[in-house]
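S.K.: Dropping a structure here in structure tokens format, bear with me for questions.
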């Protein structure tokens, strides 16, 4: 099985009405944990890499690691995705290193801190789409800024996130504007703002429609029934792993993530890609703490890393099952990037027209 583009994978997910978790990766242990879970679940995989991860691990190391994972798990369709690209160069160098998909986040300017206006977002996202599609790579865009509807603030992740406070209109994607954006940029997937944010501290209470606007997804799907919607900041921050973390010396304050059942609801309304990072970090860190606390003489890193990998795999398997991803890897016949490039050039992959409100 070869590497798969995000567009082909999400097209398949739409045809079969499932969602695909996109797990952030920094190192070998995360990669092995995710791929083992995928093999056990017969699930296709999206491994995504932030700019911070590229800086931490180095592009050469990441590229070789992805090659190794592809070779070790030949039956798993593997999409390699740049998360939150901040400029054209970030996206193109990712493709240069073997990524099959990139996100151009034009909701913020190049500093990844300053909210951008609509015209800037359209201009830079359309340029990345034009260039990426020439070589068959997929593009995800973002409209609206990720941040909390409770506080108006965002949470920076690897240096990416707006500073200060925004009003509610800036923190929610407008469905009509979304229809224009997809038509003007040609993106393959659209990340929307609905009140989720990066990191562990998303909500101070179990989220309701007041702070997690799932109705926005339904309205966008109604306007854009053929567009693949992406939910960012969608870790569920499992209570059981919070408890393990704190039971063994951690100091995580009370917090709530995005409930799995709400994500499943989103999948019914066009959500095809679900970004998850904190859940794997938390599971791994909790497993580390448990070993350090219960085996205080232990100093072999493998004795810490193996339980951490098992913990991450368990989270991945649960998400593959809940989102309906399980059982679909073996159903996919990968289309090579040169063929995807030909299809883009022919216009056959052009976004479908939005459904009008009157329709």
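Counting begins at 1 with the first residue displayed.
The backbone N, Cα and C atoms fix where each Cβ goes, glycine too.
Feature list, courtesy of Swiss-Prot:
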type     : residues                               : note
ACT_SITE : 83                                     : active site, proton donor
BINDING  : 50                                     : D-glyceraldehyde 3-phosphate binding site
BINDING  : 84, 198, 232                           : Zn(2+) 1 binding site
BINDING  : 105, 142                               : Zn(2+) 2 binding site
BINDING  : 199, 233, 234, 235, 275, 276, 277, 278 : dihydroxyacetone phosphate binding site
S.K.: By a simple count of other Cβ atoms within 10 Å, which of 105, 142, the binding-site residues in the record, is least packed?
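M.R.: If we count Cβ atoms within 10 Å for the binding-site residues 105, 142, the smallest count is at 142.
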S.K.: What Cα-Cα separation, expressed in whole Å, is found between residue 234 (dihydroxyacetone phosphate binding site) and residue 142 (Zn(2+) 2 binding site)?
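M.R.: So the alpha carbons of residue 234 (dihydroxyacetone phosphate binding site) and residue 142 (Zn(2+) 2 binding site) sit roughly 15 Å from each other.
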S.K.: How far is it from residue 142 (Zn(2+) 2 binding site) to residue 233 (dihydroxyacetone phosphate binding site), counting Cα to Cα, in Å?
M.R.: 13
S.K.: What is the one among the binding-site residues 84, 198, 232 whose Cβ has the most other Cβ atoms less than or equal to 10 Å away?
M.R.: 84
S.K.: For the C-alpha pair, I'd like the distance in angstrom between residue 277 (dihydroxyacetone phosphate binding site) and residue 232 (Zn(2+) 1 binding site), rounded off.
M.R.: 10
S.K.: When you put residue 233 (dihydroxyacetone phosphate binding site) at the centre and draw a 10 Å sphere around its Cα, which of the recorded positions 50, 83, 84, 105, 198 have their Cα inside it?
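M.R.: Among 50, 83, 84, 105, 198, the ones whose Cα sits within 10 Å of that of residue 233 (dihydroxyacetone phosphate binding site) are 198.
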S.K.: Residue 234 (dihydroxyacetone phosphate binding site) has how many other Cβ neighbours within 10 Å of its own Cβ?
M.R.: 28
S.K.: Validating a neighbour-count step here. Other CB atoms within 10 A of the CB of residue 275 (dihydroxyacetone phosphate binding site): how many?
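M.R.: The answer is 26.
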S.K.: On the three-state reduction of DSSP, what should I expect for residue 278 (dihydroxyacetone phosphate binding site)?
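M.R.: It is helical.
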S.K.: Counting other Cβ atoms within 10 Å of each residue's Cβ, which of the recorded positions 83, 277 comes out lowest?
M.R.: 277
S.K.: An 8 Å radius from the center of the 199, 233, 234, 235, 275, 276, 277, 278 Cβ atoms defines the neighbourhood of the dihydroxyacetone phosphate site; name the other residues of that chain inside it, in order.
M.R.: 24, 196, 198, 232, 257, 258, 279
S.K.: Quick one: which of these binding-site residues, 50, 105, 198, 199, 276, 278, have their CA within 10 A of residue 83 (active site, proton donor)?
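M.R.: Neighbours among binding-site residues, in sequence order: 50, 105.
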S.K.: Counting distance between Cα atoms, which of the binding-site residues 50, 84, 232 is nearest residue 199 (dihydroxyacetone phosphate binding site)?
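M.R.: Answer for the nearest of the binding-site residues: 232.
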S.K.: Select the most exposed residue of 50, 278, where exposure means the fewest other Cβ atoms within 10 Å, treating these as the binding-site residues.
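M.R.: Selected from the binding-site residues 50, 278 on minimum Cβ neighbours within 10 Å: 50.
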S.K.: Taking the Cα atoms as reference points, how far is residue 275 (dihydroxyacetone phosphate binding site) from residue 232 (Zn(2+) 1 binding site) in Å?
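M.R.: Cα-Cα distance, residue 275 (dihydroxyacetone phosphate binding site) to residue 232 (Zn(2+) 1 binding site): 5 Å.
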